[in-house]
């Protein structure tokens with residue numbers, strides 16, 4: 001028997017029979033909309049908050065087509081901004097579990113616009129954290145980031161060992177962790193921070209200047225455009241499929257008190273180079289949609305990027321019974337049909 005997945009299955013069954021009320025911030029985004037889909041399919045009541053700065057209405061529209069009419073009726077969407085404390089207080093009424101995903105992501109974006117990144121990721125986080133504490137919610141899980149490891153050279157990355165931040169974005173996500181720790185010590189309000197490592201999957205936006213590498217390259221291949229690799233292509237990352245992230249959010253929300261007031265890596269524990277990744281995407285895409293050729297162009301390394309990233313997920317496995325069951329190749333295979341539909345119509 002797979003004890004790790006049985007814990008996740010046990011929790012999801014428990015939720016079906018005893019529904020809770022959830023708040024998802026950033027609900028119209030990539031991760032937020034996937035959490036929404038999963039929770040509605042578990043017959044949960046969900047309040048969603050988004051200001052559409054990076055999220056999209058079409059993500060919510062898609063979720064609506066994937067759940068029943070009754071399940072969709074349990075969803076209440078509020079268009080609002082986490083930078084407004086009053087909004088955060090209003091959406092928190094009656095909430096059991098908070099999944100805080102709203103943020104301005106992207107290292108390059110934070111270098112171009114550190115002021116807005118700070119306002120959203122630090123002030124916005126503090127507003128949601130404070131409102132949740134005052135509302136006495138049962139759990140508060142927030143999206144942290146692997147960027148917090150900064151220039152620390154050790155591999156794999158262990159939660160306790162971090163270096164100096166390499167971008168304004170990394171600073172904001174680290175400040176989130178510090179605030180969470182202070183709220184636990186000062187107010188007894190315990191949270192769980194999830195350090196995401198290069199999450200990918202369905203509904204990850206391929207458009208825009210700050211698109212992540214997998215959707216950006218997938219779109220380029222489908223259009224017959226060049227694939228641009230920053231540096232020599234030997235930069236490596238621990239790519240984590242969206243279903244692993246959903247699992248960790250739900251495990252965290254229903255975690256025992258002894259596992260709270262903690263930070264956990266959310267990844268697979270593997271390392272894939274950009275050169276390998278481009279080949280994997282090409283292979284998986286070609287299985288369902290013919291690609292004439294793969295044209296790769298190399299350019300300068302990107303400012304603020306770390307050379308290698310790989311997570312140690314032992315802590316999540318031990319304390320939360322996490323099981324990163326979907327690896328990079330399977331995750332890409334599951335993702336490609338969505339991208340073909342989205343980009344080819």
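Start at 1 and count along the chain as shown; that gives each residue its number.
Just so you know, glycine gets a Cβ as well, placed from its N, Cα and C.
As annotated by Swiss-Prot, NAD(+) binding site applies to 26-31, 50-55, 81-82, 101-103, 120, 169, 173, 199, with the evidence given as experimental evidence. The annotation substrate binding site is assigned in Swiss-Prot to 145-146, 196-198, 213-216, 228-230, 237, 302-305 on the grounds of experimental evidence.
Overlay of Swiss-Prot annotations on the structure.
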{"residue": "26", "record": "NAD(+) binding site", "contacts (Cβ under 8 Å, 6+ apart)": "32, 49, 50, 55, 100, 101, 102, 103"}
{"residue": "53", "record": "NAD(+) binding site", "contacts (Cβ under 8 Å, 6+ apart)": "104, 120"}
{"residue": "81", "record": "NAD(+) binding site", "contacts (Cβ under 8 Å, 6+ apart)": "51, 87, 124"}
{"residue": "145", "record": "substrate binding site", "contacts (Cβ under 8 Å, 6+ apart)": "169, 170, 173, 195, 196"}
{"residue": "197", "record": "substrate binding site", "contacts (Cβ under 8 Å, 6+ apart)": "146, 237, 238, 239, 240, 265, 266, 267, 268, 309, 311"}
{"residue": "214", "record": "substrate binding site", "contacts (Cβ under 8 Å, 6+ apart)": "200, 204, 239, 277, 281, 332, 335"}
{"residue": "228", "record": "substrate binding site", "contacts (Cβ under 8 Å, 6+ apart)": "220, 296, 297, 298, 299"}
{"residue": "304", "record": "substrate binding site", "contacts (Cβ under 8 Å, 6+ apart)": "107, 108, 110, 111, 166, 167, 169, 170"}
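Taking the binding-site residues 29, 102 in turn and counting surrounding C-beta atoms within 10 angstroms, the largest count is reached at 102. In the three-state DSSP assignment, the secondary structure recorded for residue 169 (NAD(+) binding site) is helix. If you draw a 10 Å sphere around the CB of residue 50 (NAD(+) binding site), it holds 27 other CB atoms from the protein chains shown.
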